[in-house]
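According to Swiss-Prot, the features are:
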- 1-266: region 'Amidoligase domain' (REGION)
- S14, K187, T188, K189, P190, T191, Q192, K223: UTP binding site (BINDING)
- S14, D147, I148, E149, K187, T188, K189, P190, T191, Q192, K223: CTP binding site (BINDING)
- S15, L16, G17, K18, G19, I20, D72, K239, D240, V241: ATP binding site (BINDING)
- 291-542: domain 'Glutamine amidotransferase type-1' (DOMAIN)
- C379: active site, nucleophile (ACT_SITE)
- H515: active site (ACT_SITE)
- E517: active site (ACT_SITE)
Amino acid sequence: MATNYIFVTGGVVSSLGKGIAAASLAAILEARGLNVTMMKLDPYINVDPGTMSPTQHGEVFVTQDGAETDLDLGHYERFIRTKMTKRNNFTTGKIYSEVLRKERRGDYLGATVQVIPHITNEIKARVIEGAAGHDVAIVEVGGTVGDIESLPFLEALRQLAVQVGREKTIFMHLTLVPYIPTAGEVKTKPTQHSVKELLSIGIQPDVLICRSDRMVPPNERAKIALFCNVPEKAVISLKDVDSIYRIPALLQSQGLDDLICQRFRLACKEADLSEWEQVLYRQANPTGDVTIGMVGKYVELPDAYKSVNEALKHAGLTNRLNVHIKYIDSQDVETKGIDVLKGVDGILVPGGFGYRGVEGKILTAQYARENNIPYLGICLGMQVAFIEYARHVAGLTQANSSEFDKNCPQPVVGLITEWQDADGSVEQRSENSDLGGTMRLGAQQCHLIEGSKARELYGKETIEERHRHRYEVNNTLLPQIEAAGLKVTGLSADKKLVEIIEVPNHPWFVACQFHPEFTSTPRDGHPLFAGFVKAAKENQKK
């Protein structure tokens, strides 16, 4: 069966939740037995978000095959079972770099290279490639209609709709329908103007998703339908909700999935949303509360740790607990002392880059170790725990990472210069390598040691988790630290790289070099996060 396409755009303002709405629709279609994939087209000129500031762009989501992508792909994987790959996200920068590479190679046979047709053709080719083999591909265009940056993407999708046939495509437009308290009513004019903007570039939306803080009344939906050339049943109200996992049921209750299946002439079963009902039931009926202190460098923007935040919530669902996250700036630990860490049931130190705030993270690991506070370290969170143990238990008082001190006499953490990627190919790096796209990335196998907490939590010997780092434990100094008691409980497939460490004689102190948050979902959770939150709850009783 040829792929059907749903193109998702946004209007009026940014941050309307296109990714969540698109992922929720994908979840309903998947629940109807359809094979669904999703794509995000980002109109910025960076080749990928890998070198962008987390406080500007939010987290970088790493796919199984090692692509550094937009955080919306994390939403996609949390809502549907399909795993995202490098084909599911591309940027203006990636498109232009590929077109320029082809031009230098002579692929265009001396033609004048232009936005139309060369850039738009490259966009279309990538969308078709990413959608291949699926019943439905939902393609989200980043930004807001009217922005100059997104014009090539919109033109490419307009052309693609003509080429594959309008009966195989749906344009779904998210727009804001604000409520004006002084007037006591919602206003439809912003939506009308947004649709007018879309029409000016040749796109007639088929479905309108109306974002508001309340349900849009039927008379206002009828008005929107009339003035935007859309059937009334295709004007969907999407109000603010207390949980994003309510949105699939909210969209289904208004018949959005039926409308789409009818348009595409898809004969499929009714959606079974029972798994999502279970998620909502557990969320609404917690048996207790737990507070996790997250000590990071980018805490002013919680989206910098989006997948970690969600993974903690998923662990709360698994344990029937309401998880409260207390964000603590690691620099505050340096300047104000360990008092800022008090009052939490567990401590999580997530990933990060650069020296700023690192000593605060090391102090945090020491506080958790010495006070028997459950600790989960991720990526840099493992490295600081390793440095702390080396300094204060193993007697390597000058221990540090070469990332923070290139002349460190005891570099217990150093640059990885060679490793195997997920395909078995050997990757090599040096200190002079580019920052972008040069880390150990994507899913890697990890061997768990018998009798370890990690082995107990996962329940198997070999796991696969996603990585994003260029520094690792220095094996030269590792024997001294192991002799002081630290347990290495997870190793890379070739047994050369340390993946998990555990502190002995501690209720729960586990740190991993990989990023378990990227594989946590609301329906399945993740064993490390579930075990950590459970240990934090048990810590309350002491």
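The backbone N, Cα and C atoms fix where each Cβ goes, glycine too.
Between the CA atoms of G17 (ATP binding site) and P190 (UTP binding site) there is a gap of 17 Å. Across the structure, T188 (UTP binding site) and G19 (ATP binding site) are spaced 22 Å apart at their Cα atoms. Highest local Cβ density among the binding-site residues S15, T188, T191 belongs to T191, counted as other Cβ atoms within 10 Å over all protein chains shown. Sorted by the number of other CB atoms within 10 A, the recorded positions K187, K189, K223, H515 start with K189, the lowest. The recorded positions examined here are D72, E517; by Cβ neighbour count within 10 Å, the least packed of them is D72.
Fewest other C-beta atoms within 10 angstroms, among the binding-site residues G17, G19, P190, are seen around P190. Counting every protein chain shown, the number of other Cβ atoms lying within 10 Å of the Cβ of D240 (ATP binding site) is 9. Across the fold, the C-alpha of G19 (ATP binding site) and the C-alpha of H515 (active site) stand 22 Å from each other. Separating the Cα atoms of K189 (UTP binding site) and S15 (ATP binding site) is a whole-number distance of 19 Å. Listed in sequence order, the same-chain residues six or more apart from I148 (CTP binding site) with CB atoms under 8 A from its CB number zero; the list is none.
Taking the C-alpha atom of K223 (UTP binding site) as reference, the shortest distance to any of the recorded positions S15, D72, C379, H515, E517 belongs to S15. Its Cβ taken as reference, the residue listed as 'active site, nucleophile' is surrounded by 23 other Cβ atoms within 10 Å in the chains shown. Applying an 8 A CB threshold to same-chain residues 6+ apart, the list for S14 (UTP binding site) reads G143, T144. In terms of C-alpha distance, the listed recorded positions S15, D240, C379, H515 place D240 closest to K187 (UTP binding site). Cα of E517 (active site) to Cα of the residue listed as 'active site, nucleophile': a span of 11 Å.
With a 10 A radius on its CB, Q192 (UTP binding site) counts 16 other CB atoms from all the protein chains.
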